[in-house]
């Protein structure tokens, strides 16, 4: 019941603010044709629609947290649920191993609200005035990350943790700061990064090597 209540609260909150993100729909439904080569702001509508287009069970089980950061995000957006196209909402489940981190990142198209399913997390976001707003949150509690601001979640506990996240966008987008700067293709020039971070080229190359694709 707590799981269902969490989803209900998050979806209601997202729907209430959805007008601030994606544009409003102009018909009852517009199920995304993910196979279409036509490029529009969103996805073109497909003709044949079924209940499957509005269903997804991928958040029912914990994701595998054996990643470099010790956290994994399972999205439930328009790319997984085509029926979300033009509806301006989506969800995600984030699982954290003990010590796991969802690294500093932004969502350029959405505000995020998280509900803690299990465990305890240290979370925060940084304002454009460089002020850190942070708090420790535990099972049953909620925290909001404003649209476009850099934010993070860290599991400093000894047990696994998990949250359900809701967004007021069908595809909020994610830019992880470290990966964006040090793993872009083509790569960001070293002289830009050395100047920005006030370090030498060797330090920049060392960080880039950590983000290079594994061979």
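Each position is counted from 1, following the chain as shown.
A Cβ is built for glycine as well, from the same backbone N, Cα and C atoms used for every other residue.
TrEMBL annotations: computationally assigned, not manually curated.
Worth saying up front: this structure is predicted, and the values here are computed from it rather than measured.
Lifted from TrEMBL, the feature list:
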- 102, 107, 112: oxalate binding site (BINDING)
- 105, 107, 112, 151: Mn(2+) binding site (BINDING)
- 30-45: disulfide bond (DISULFID)
- 57-205: domain 'Cupin type-1' (DOMAIN)
- 1-20: signal peptide (SIGNAL)
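Structural mapping of features recorded in TrEMBL.
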| residue | record | contacts (Cβ under 8 Å, 6+ apart) |
| --- | --- | --- |
| 30 | disulfide bond | 43, 45, 85, 86 |
| 102 | oxalate binding site | 69, 71, 73, 94, 96, 152, 153, 154 |
| 105 | Mn(2+) binding site | 150, 151, 152, 174, 175, 176, 177 |
| 107 | oxalate binding site | 145, 147, 148, 167, 169, 172, 173, 174, 175 |
| 112 | oxalate binding site | 144, 145, 151, 165, 166, 167, 172 |
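Cβ contacts within 10 Å of residue 45 (disulfide bond), excluding its own Cβ and spanning all protein chains shown: 17. Per DSSP, the domain 'Cupin type-1' (57-205) is made up of 22 helix, 58 strand, 69 coil.
Summarised as a single figure, the pLDDT of the domain 'Cupin type-1' (57-205) averages 97.
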